[in-house]
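Visitor: This is the structure I have questions about; it appears just below.
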Amino acid sequence: MTTIVTIRKGGKVVMAGDGQVSLGQTVMKGNARKVRRIGKGDVIAGFAGATADAFTLLERLEKKLEQYPGQLMRAAVELAKDWRTDKYLRNLEAMMLVADKSVTLAITGNGDVLEPEHGALAIGSGGNYALAAARALMDTDKSAEDVARRALDIAADICVYTNHNVVIETLDAEA
């Protein structure tokens, strides 16, 4: 699987993900890009789960963002509704984190659209490790990028499905 973490702190929103792609117990690739900018570059998205399924969902989210420009929450809710009710989409096995300048969200196949309480959110096989590390570091003087990078490093030290090849995307956040 993988680990994706997002941090909203100090006027920045940062999303970081590792690069490992596993097939069963085998590492197939170590430098995949699971965090990227979508839409007009004003939204960052990261995914965990089946890669083909995640790309399908990213494409759907981009279409929703075209339909609802500048409204990430609305686009995410509409995607989650489709994901939950569509017979084809319902079978997709992936999770997504998305963020823009004003909101960070987790979108799940159960139709959940979740906003973090404390400025940190993480998904994937190492998500719980990364989230715990990030929460512990949020009250320090570390920048959002430093918190994300360290949280992902800790997750990679613990989770065998997460590596240290980190991709980071950053946006300016609203105060």
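Quick reminder: no glycine exception, Cβ is built from N, Cα and C everywhere.
For reference, Swiss-Prot lists these features for the protein:
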ACT_SITE  Thr2  active site
BINDING   Ala156, Cys159, Thr162  Na(+) binding site
Visitor: Other than its own, how many Cβ atoms are within 10 Å of the Cβ belonging to Cys159 (Na(+) binding site)?
Guide: 21
Visitor: What same-chain residues, at least 6 away in sequence, bring their CB to under 8 Å of the CB of the residue listed as 'active site'?
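Guide: Non-local contacts for the residue listed as 'active site': Gly17, Asp18, Gln20, Val21, Lys34, Phe47, Ala48, Gly124, Ser125, Gly126, Tyr161, Thr162.
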Visitor: In sequence order, which same-chain residues at least six apart have a C-beta under 8 angstroms from Ala156 (Na(+) binding site)?
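Guide: The list for Ala156 (Na(+) binding site) reads Thr3, Asp18, Gly126, Thr162, Asn163, His164, given in order along the sequence.
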Visitor: Which chain neighbours of the Na(+) site, leaving out Ala156, Cys159, Thr162, have a Cβ atom within 8 Å of the mean position of the site's Cβ atoms?
Guide: Thr3, Asp18, Gln20, Ser125, Gly126, Tyr129, Ala130, Leu152, Ala155, Asp157, Ile158, Val160, Tyr161, Asn163, His164
Visitor: Within 10 Å of the Cβ of Thr162 (Na(+) binding site), how many other Cβ atoms can be counted across all chains shown?
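Guide: For Thr162 (Na(+) binding site), the 10 Å Cβ neighbour count is 30.
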Visitor: Please classify the secondary structure at Ala156 (Na(+) binding site) using three-state DSSP.
Guide: helix
Visitor: Could you find out if DSSP has Thr162 (Na(+) binding site) as helix, strand or coil?
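Guide: Its secondary structure by DSSP: coil.
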Visitor: Per DSSP, to which secondary structure element type does Thr2 (active site) belong, with helix, strand and coil as the options?
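Guide: Where Thr2 (active site) sits, the three-state DSSP reduction gives coil.
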